Structure formats: C-alpha cells, structure tokens
C-alpha cells in the first residue's frame, strides 16, 4: 500500500471568562474527558485536545497554528458555555483546514433534583452552539455540523466518517497524476481544465510519452520479475499453458516498470489509453489492477479526473473496496432492473467476492498481444458510484447510491471483472437523472464510503454535488440543476 501520513484532529472548546476561572477550568476538564472518550472508540484518527478558547487573539493564533501544522487535518469545535461569536471571526476567516462543529454537551441527562443556575451557566451548549453556528453561516464557511451525545456510538461513527473525508481532502490537495499518452480521441467527458483542477482541487496533471514508460519496463530485472510472479502464484488462480504464463510475465514487467516510474515522480494516480501503446507488448491490465489494489488512482482512456478521484476515494476508504468502474450494459427485466459494471481490463481486486483468477484473452482494441487480467465477480452490498465532470465553469460531483448484488448466473464467455448493482431509486430514474446531470461513463465505485462523505468532500473542496438516491425525482432534480447553475453564475460576480 502507498504509505499513509499521520493525521490528528484538534479539539477546541469555546467559552469565556464571564463565568470565572473555576468555570473555565471545569470546561477544560470536561473537554479532555470528551477527547478521551472519542479516542476510546473506533475512530481512524486521533483527537487531540488543544485549548479552551476564550478570546479573539487566542482563537486566531490557534487557527493560524493549525494552518501551519502538517499533521493537523482539521479542527473540531464545541461551545461548552456561551462563547460570543465575534471573537471567532478572524480565526474562522483564516482557517484553511476542514471544520467540524460538534454540537454536544458534557452531561447526557438533566440532573432533575440538583439542577441550579451554576449548572445552567456551565452547560449552555444548546444555545452557545447556536451563537457559534450563526457566525459560521454569516461567514459562509464550509463546515460540518454533527449533533448528539459524545458517547453515542452513531455520533462517533459520524465523526469518524467526516474525519476520513477531511483527511482525503487534505491529502488530495497533493495528488499528482501521470498521463501516459493523451485522451481517447474524440471523447468529450474525459477532457477538462487541468489548470482549474490544480487551483480548485490541488491536483497536478503531467503528460508523458509512452516511450518514457517503456524505458522503465525494459529495465526491470529478472530477479524482481521472478519475485513478483511468485507473489501472483500465492494470491491468484493461474491459467494453464506456457503462452498464458508469458503473458502474465509481461504484465508483471509492466507493473514493476509502472510502479518505479510513478514512485520516482511522486505520482499516486495515472492514466493509460489503448491508442498510445507504441513500444509496449500489451495494454496494461493485471498491472493496473494490482496498482489500484495498492492505493493508486487510475482512469482509462486518459481520464485524469477519474484517476485522481479514484486516488482520493482510495485514501478516504483506507484503500478498501474501491475501484475504477464503468457503466457497461443494462438488465431490463421488469421489477429486477440492474446495471452490469466493468471495463476492458481494469477493475480493482479490492472489490472481488472470491479469489481472483488470472486469465489471458484477446483484446481487439490496441492491436497488441493478448493481455493478462484478473477476472472475478464483485461483492454484494450498499455502495456509491461517483463521477466528476468539468462543466466549463465549474466541477460537478455526481453521486448515485446503489445496492450491489450477487451475480446470479455464470458468465463463462465474459473475460473481465464485473459488478452487478441496482441503482437508487430505480434504473430508469437514476439513469435519467445521471444523464441530465452530465455524469460520465467512467466512475469510482466504493463499498466503504457513503454519499454523505462524498458530499462532505465536495463541500470542503468548494465544488457542486448532485446526489441521486431513493428520494430523487426527475422534476426535483431538474430544478436543483437550474438552481445550482444560477448559484454558481452568481458566484462569479
């Protein structure tokens, strides 16, 4: 796997000195207990108690420090007492890290027989957080609000999912995509504004001639090749015959060459295209699948937006059950409508139901030798299918909630990995909505991530998001698209 960096989240509690020093000390004690309680759960990332904020200068200095700290992936704020929101304006205005407004309180229950005004003055989250929430709305800053008791399991799960989105946002600002060759000729949706992508999303996209990659492939040693083949033999079912073995060996050579090229340039995502293979013996298939399983992003036919999207979603998902995907063909059986997703070769084995098998079959596109690839059925379960498109003036993230199902029949003549799913709210409505929103045929499919996480990432990134789920109707979606168009046009003025 690509080595992940260490990230923490700062916990900052709002208060004021109006209630006296003892009250501030009590707020600090309670804040530390909440942090310890959050860290006792199943959070992927550590919550670090930072301070009780009681002044404008204190907030500003703290947020400036957070901006500079490379390990800080975001700030969690909570108002234990009333905290006048004017003191938060400079800090919030300068903050460039993800922000979670955690609306909770230290005590779960009202102490009916003991409650007095001292208790009321300390435990004012119910209206202290409303004051703080107003200034967030007034400033128009992107933020997440999670309400609930801090020991509640569902609340912790919501915080954990937001943390994953925040870390993906921070890390995705440094994604570098290597493009081998150009886009597939005459295809529209895989094009896009690379400058705007770097400005808006932080993604850097570089193009290379295929000869640069071929040089690395040809430099692979026989020893490293032999070691990788041994790994293949342990992980996958193997084809019979010497010709098939030679095809697999060539994919291993491509994998090693690709990985060395990407590692040396600091690239964590890449694209290929069957129209640019001069000097290569095969279109990368098994090699791409293996690299995706290690956390690399990939896009077919030069689709750099999807390559970066896959990398970002891989980071958000911790590398689990996430893959490059394409809507391929429909099953229109009444009452059982489904979509079969696949691609020519490149589906990540992280979504495989069983042990993948290596197969070698002809591929008409590319006019090269028969490429080896992993073939498997995808797992069943809830998932999201996500596409990123460039509308010329802005990016739009299109999200569809789906339910992947077990493939009901053998497909012995289909030589590629495949996934079968039922889109929400139905195939007919989801397809109409997807097409109206301009969603691409290339997507990233993830079983680990939720639509809410993708919406959170879009909010952090400042891009439009369209969600297609059980509540979607075409009339409402048409109106939403019109409102979004108007809103983004107004942003330019």
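Backbone N, Cα and C define each Cβ position, glycine as well.
Since the structure is predicted, the reported quantities are computational estimates derived from the model, not experimental observations.
According to Swiss-Prot, the protein carries these features:
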type: BINDING; residues: 301, 326, 343, 442; note: Mn(2+) binding site
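In the three-state DSSP classification, residue 343 (Mn(2+) binding site) falls within coil. One way to see the shell of the Mn(2+) site is to take the Cβ centroid of 301, 326, 343, 442; the remaining same-chain residues with a Cβ within 8 Å of it are 299, 300, 303, 306, 324, 325, 344, 346, 441.
In the three-state DSSP assignment, the secondary structure recorded for residue 301 (Mn(2+) binding site) is helix. Cβ contacts within 10 Å of residue 442 (Mn(2+) binding site), excluding its own Cβ and spanning all protein chains shown: 25.
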